[in-house]
Amino acid sequence: MAGSFAELARQADKSRDTMLVPKTALETPPLEIHTLGDEVLRQPARRIGKVNEQVRELARDMLRSMYTAKGIGLAAPQVGIHQQLLVIDLDLENAATPPLVLINPEITAASAGLDTYEEGCLSIPGVYLDVVRPTAIELSFRDEMGRPRKMKADGLMARCIQHEMDHLNGVLFVDRVTDQDGLQKELKEKGFERQDVRSVA
């Protein structure tokens, strides 16, 4: 698909190799991933002013924690850090493919066409429900070296970016679920409280 992760990775320049970390589970991840009900997930993230080695090391620790949890995306608020930073890797099987690091991302355009697809979240483990989102997006962001970038994405990449960007605004995917009966059932089965959902659907 256009804007696929493999295509984006091929277009990236070699400096992104600085973000490569082993795509394996650690016995103890460096960062704790907060779960639904933790108020930290509901606080909006702040823009990052200066992109430096501290920011890059945070991104690496987020990746290590994400790989340990077997996820494909993670936003800084999920680990209790209210900065506009997210990491994505849709190619977990290929150790040489660099992950995508988005700093201060902004969606500049979204398709009129919508798509329904099942989503899950490391902050709501075990819960999987359909969410409607734009099929394709355009966005601007800074990369891990602080350089301004623009990008087009569709399919799973577009969905993953939108899902992770929601976290920067204190929104979780369950807030966008329209099937309230299914939502109630899934949350109850996995030990979460319906009252912790803040519907925006």
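Even glycines carry a Cβ here, placed using N, Cα and C.
Taken from Swiss-Prot, the feature active site covers Glu164, and the record attributes it to sequence analysis. Marked as Fe cation binding site by Swiss-Prot: Cys121, His163, His167.
His163 (Fe cation binding site) carries a helical DSSP state (H, G or I). In the three-state DSSP scheme, Cys121 (Fe cation binding site) is classed as coil.
Excluding Cys121, His163, His167 themselves, the residues of that chain whose CB lies within 8 A of the CB mean position for the Fe cation site are, in sequence, Gly73, Ala75, Gln78, Glu119, Leu122, Ser123, Glu164, Asp166, Leu172, Phe173.
The Cβ of His163 (Fe cation binding site) lies under 8 Å from the Cβ of Gly73, Glu119, Cys121, Val131, Arg133, Phe173, each of which sits 6+ residues away along the same chain.
Within 10 Å of the Cβ of Cys121 (Fe cation binding site) there are 26 other Cβ atoms, across all protein chains. Of all Cβ atoms in the protein chains displayed, 24 besides its own lie within 10 Å of the Cβ of His167 (Fe cation binding site). Residue density at the residue listed as 'active site': 24 other Cβ atoms are found within 10 A of its Cβ, drawing on all protein chains shown.
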